[in-house]
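J.: Copied straight from TrEMBL:
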- A:20-39: transmembrane segment (TRANSMEM)
- A:45-65: transmembrane segment (TRANSMEM)
- A:72-90: transmembrane segment (TRANSMEM)
- A:96-118: transmembrane segment (TRANSMEM)
- A:125-143: transmembrane segment (TRANSMEM)
- A:149-170: transmembrane segment (TRANSMEM)
- A:177-195: transmembrane segment (TRANSMEM)
- A:225-247: transmembrane segment (TRANSMEM)
- A:263-292: transmembrane segment (TRANSMEM)
- A:315-337: transmembrane segment (TRANSMEM)
Amino acid sequence: MSLVTEFSATPLPPRENRLLAALPLVVILAVAYLAVPLLANEYLIEAILLPFLALSLAGLGLNLLTGYAGQVSLGSAAFMAVGAFAAFNFDLRLGLPLPASMLLAAVAAAAIGLVFGLPSLRLRGFYLAVSTLAAQFFVQWALNKFGWFSNGSASGIIAAPAIGIAGLPLSGPVGRYLFALVTVTAITFLLHRIVNGPQGVNLIAVRDNETAARVIGVPVLRTKLFAFALSSAIIGIAGVIWAFAYLRTVEPAGFNLDRSFQILFIVIIGGLATIRGAFLGAGLIVVFPLVLSRLTGLFFDGVADPGTIELLERIALGTVIILFLIAEPSGLSAILSRLKRRLAAPRAG
Amino acid sequence: MDWFTFLFAVEVAIGGLLSGVMYALVAIGFVLIYKTSGVLNFAQGAMVLFAALTFVSLTEMGLPFAGALVLTLLAMTLLGITVERAVLRPLANRSPMTLFMATLGLSYILEGLAQLLWGTQVHRLDLGISNDPFEVAGIFISTFDLVAAAIAGAMVAVLTAFFRFTRTGLAFRAVADDQFAALAVGLRLDRIWIAVWTAAGVVALVAGLLWGARLGVQFSLSLVVLKALPVLVLGGFDSVLGAIVAGLLIGATEKLAEVYLGPFVGGGIEGWFAYAVALVVLLVRPSGLFGQKLVERF
Amino acid sequence: MTSALLRAHPAAHPVRDRTEAQALPKGETRAATGAVLALEAVSLGFGGIKALTAVSLDVKAGEIRAVIGPNGAGKSSLINVISGLYQADAGEIRFGAQRFRAVPPQRLAVLGVARTFQNLALFPALTVAENILSGLVFQRRSGVLGHLLSLPAARREQARQNGQVRKVAERLHLTAALDRKVGTLPYGLQKRVELARALVAEPRLLLLDEPMAGMTATEKAEMAGFVRQARDASGLSVILIEHDIGVVMGLSDHIAVLDHGVKIADGTPDQVRRDPEVIRAYLGAEAA
Ligand SMILES: Nc1ncnc2c1ncn2[C@@H]1O[C@H](COP(=O)(O)OP(=O)(O)OP(=O)(O)O)[C@@H](O)[C@H]1O
Ligand SMILES: [Mg+2]
């Protein structure tokens with residue numbers, strides 16, 4: 001049943017000079033922290049970078065659960081919703097500063113993730129995958145039904161407050177971008193440490209061979225629940241960024257099953273059990289519809305209405321998923337590794 | 001409880017059982033494919049939409065009922081062949097989870113394609129079955145639901161007979177029991193898969209017509225998959241009987257809960273109640289009510 | 001010593017006293033004292049199949065006990081019952097003074113029992129070092145936070161466990177492969193990694209289910225050497241399932257023979273070799 005064993009055939013990187021290996025990361029961070037705030041226009045930030053950051057983070061969270069721990073979840077969007085609505089309420093009712101409400105929102109998402117992770121202790125494979133849908137439908141229902149969550153607004157719509165940290169207003173596009181960027185960078189760093197540390201061994205052991213893991217004394221149940229809780233917390237924070245930095249007005253219906261699948265697709269396209277896969281996948285998922293609508297605009301010369309474009313997008317997305325599963329099950333991450341090796345090869349002689 | 005509230009409860013339960021038959025009908029499409037290839041076909045709901053939309057559009061173009069039916073069946077066969085060629089064959093020997101993801105992609109393609117071809121508006125579908133309820137001993141029963149249940153029942157009977165008595169049906173069963181052995185005795189897996197997917201397409205068509213006549217043929221038809229999934233896990237992925245029993249069980253408890261529990265929590269619980277029921281049962285029986293127990297060897 | 005599990009039987013001189021074992025009538029069980037493992041009339045069935053029928057067995061400290069028998073005799077089932085993956089329908093399993101009807105598999109490592117599987121059960125996506133390290137996870141005290149914050153205790157523990165991994169890798173000639181993904185290794189090496197993972201926590205009892213299956217003669221000899229060396233070094237007890245009679249005769253102190261779930265013989269290699277019932281059941285089946 002393991003989805004990942006057949007996906008993770010990525011060969012080991014050669015143990016090169018560490019500084020040289022870190023170079024691309026340094027460049028990326030420099031561009032993200034310096035070039036973008038100085039040079040990027042509003043469209044790039046609002047329409048591409050903010051959803052990209054939020055979805056990358058959600059992808060990271062799901063990748064921890066599905067890629068590393070091997071537990072397929074079809075209800076990720078529910079935890080984004082929990083994060084968004086929890087932060088909204090912590091802000092509204094307790095008047096906490098943004099980082100505090102965000103942290104508490106993560107805790108709330110983790111707690112609910114823990115509850116919906118309990119079936120994983122007993123169920124496996126498709127039985128578990130289907131049961132994760134319960135989170136999706138229950139959370140969406142609860143947020144719609146109980147007006148308290150949205151402070152009584154119609155159809156559960158909430159408008160996020162203008163954000164700021166320690167008196168510093170961050171409500172402009174660049175401010176919100178930097179807020180999202182710092183959050184995503186910090187969590188990525190933490191997650192990287194976790195999956196490459198001792199806990200990473202537990203996660204992958206449980207995924208690769210649960211029975212063997214159990215008899216050699218890996219705490220299987222604890223590891224699974226840890227994965228559910230941490231994954232939900234990260235996805236919850238992604239929800240906070242989605243609601244507070246990107247859209248600023250959200251409703252429960254925005255965190256529907258399609259959103260959950262979108263996150264799952266990000267992970268598959270990007271590459272399971274890799275950190276950068278979440279970013280690559282999110283990049284493709286965000287840019288893909290924009291490119292597609294430009295292209296259809298070109299080909300059909302304005303004949304195609306938005307509805308048709310949406311359908312075409314659906315078809316194309318489905319096709320891309322199947323193509324990746326067939327041709328590159330290790331995702332964009334593996335393609336990138338291959339490219340890097342090809343580029344490095346001539347230099348190595 | 002007085003007599004009338006009791007009658008009312010019975011009426012609710014019967015209504016629930018009848019819609020449960022419809023859930024079971026969709027779930028059976030899943031079971032067919034799961035049993036023979038171990039694939040949980042998420043696209044079953046999209047197939048329901050695709051079939052119903054194709055049928056209804058053909059009749060709207062002026063084709064008679066029978067003609068539209070034959071053409072739709074043809075389309076579903078074509079779909080079966082395409083899926084085998086383009087998805088199943090390249091993914092042979094890959095993990096069941098990978099195949100599941102592929103069917104997720106397939107459902108996106110089918111939903112998009114169906115609406116691109118036939119439009120996104122709601123189509124009315126009239127199968128000529130009366131919608132008036134009739135009364136038995138003080139209980140009102142929907143005629144349509146009853147006829148629909150009868151059709152579903154007939155469908156199950158035909159499928160069962162097919163599996164029991166025809167060569168192809170026996171081949172299905174052989175493959176379901178042991179793929180390698182089936183290969184070894186010379187069964188052509190590719191043909192069997194095409195046949196199974198086509199059969200699942202036929203089941204989807206029947207389900208699509210019955211659901212479509214009730215709700216109108218539109219995108220939301222493909223969401224019946226979400227109704228069928230808890231039925232499926234409750235019954236066990238590989239059991240037709242399980243799908244039927246679980247369908248009835250979920251249909252009845254869901255309606256009863258909606259009526260008697262709903263008011264206390266603000267209603268609208270049908271979206272998740274079935275999942276809750278399924279989860280509770282799964283905690284006791286992790287392979288569903290009738291599913292084959294996973295035998296692990298070490 | 002780091003391992004709390006070594007307390008029990010520090011047998012400096014592995015038990016070689018065959019006369020004592022010979023004195024026992026065949027099949028009789030001994031008092032729990034002195035036995036690292038004792039099975040008492042363990043039975044196990046799958047539907048109609050009787051995989052084990054009232055099997056009793058005890059294993060002394062420092063003993064290598066082979067379990068042989070034709071295919072389907074119930075050898076793997078025996079190990080699976082001992083490690084708690086299957087639950088006996090009747091009978092009792094004792095580790096030292098602890099008695100179980102059903103062994104909790106998640107506590108196996110704490111009980112000082114380690115095992116390998118007939119079909120490899122490694123973690124293919126992890127490196128050799130990480131696979132071996134996973135055998136020490138149950139001893140870990142520091143948690144995720146300790147690691148994230150790089151607390152001194154966590155760092156010390158990691159260094160210590162890495163040292164244990166390197167030591168065992170050296171003993172089994174795996175040092176060169178430590179950083180390779182296990183999934184990319186040839187089969188024989190993978191079997192060896194699994195042995196290393198079982199040995200790293202220095203268990204009291206080692207259960208080996210066909211550790212040499214599918215190996216060349218040289219590889220088998222090497223593997224047998226590793227097993228003997230481990231026993232001699234720490235006095236652990238071994239239950240060894242193996243089809244290669246030559247290996248079994250050379251390596252084991254005692255041999256139990258299973259046939260159709262019934263223990264038909266139990267004794268020294270010489271005794272078993274001469275046992276007419278064994279010759280009939282085992283070699284008869286082999287010849288067929
Ligand atoms: N999980 C299981 N479910 C059903 N039957 C089983 C299971 N495990 C083992 N059996 C049956 O129990 C009997 C003993 O099997 P076991 O695997 O213990 O034999 P073995 O001696 O290890 O054989 P081999 O030498 O082939 O490994 C066999 O008939 C086998 O089919
Ligand atoms: Mg065996």
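Cβ coordinates are placed from backbone N, Cα and C, and glycine is handled just like the others.
Worth saying up front: this structure is predicted, and the values here are computed from it rather than measured.
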J.: Who are the chain neighbours of the transmembrane segment (A:177-195) in space, where the CB to CB distance is under 8 Å and they lie at least 6 residues beyond its ends?
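T.: Same-chain contacts beyond the ends: 29, 32-33, 36-37, 40, 45, 49-50, 53-54, 56-57, 60, 64, 68, 98, 102, 163, 165, 170, 203, 230, 234, 237, 241, 244-246, 275.
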J.: Near the transmembrane segment (A:225-247), which same-chain residues lie under 8 Å Cβ to Cβ, leaving out any that are not at least 6 residues past its ends?
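T.: Residues packing against the transmembrane segment (A:225-247) from afar: 46, 50-51, 53-55, 57-58, 60-62, 64-65, 68-69, 71, 73, 76, 79-84, 86-88, 98, 101-102, 105-114, 116-118, 120-121, 158, 160-161, 163, 176-177, 179-180, 183-184, 187, 191, 194, 199, 203, 254-255, 263.
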J.: Under 8 Å, at least three CB pairs between the transmembrane segment (A:149-170) and the transmembrane segment (A:72-90) (pairs 6 or more apart)?
T.: yes
J.: Are the transmembrane segment (A:45-65) and the transmembrane segment (A:263-292) close enough to be called in contact, which here means at least 3 C-beta pairs under 8 A that are separated by 6 or more residues?
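T.: In this chain the transmembrane segment (A:45-65) contacts the transmembrane segment (A:263-292) - 3 or more Cβ pairs sit under 8 Å.
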J.: Cβ under 8 Å to the transmembrane segment (A:125-143), counting only same-chain residues 6 or more beyond its ends: which ones?
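T.: Tertiary neighbours of the transmembrane segment (A:125-143) are 1, 71-75, 77-79, 81-82, 85, 112-113, 116, 119, 149-150, 156, 252-253, 255-257, 260.
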J.: Excluding the flanking five residues on each side, which residues at least 6 beyond the ends of the transmembrane segment (A:263-292) place their CB within less than 8 Å of a CB in that stretch?
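T.: Contacts with the transmembrane segment (A:263-292): 3-4, 7-8, 10, 47-48, 51-52, 55-60, 62-63, 66-68, 73-74, 76-77, 188, 191-192, 195, 204, 235, 309, 312-313, 316-317, 320-321, 324-325, 330-334, 336.
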J.: So if I exclude everything within five residues of the ends of the transmembrane segment (A:72-90), which remaining residues of that chain have a CB under 8 angstroms from its CBs? That is, six or more out.
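T.: Beyond its ends, the transmembrane segment (A:72-90) has Cβ neighbours at 3, 58, 61-62, 65-66, 96, 100-102, 104-106, 108-109, 112-113, 116, 128-130, 132-136, 138-140, 143, 149-151, 158, 160, 231-232, 235-240, 242-244, 250, 252, 255-264.
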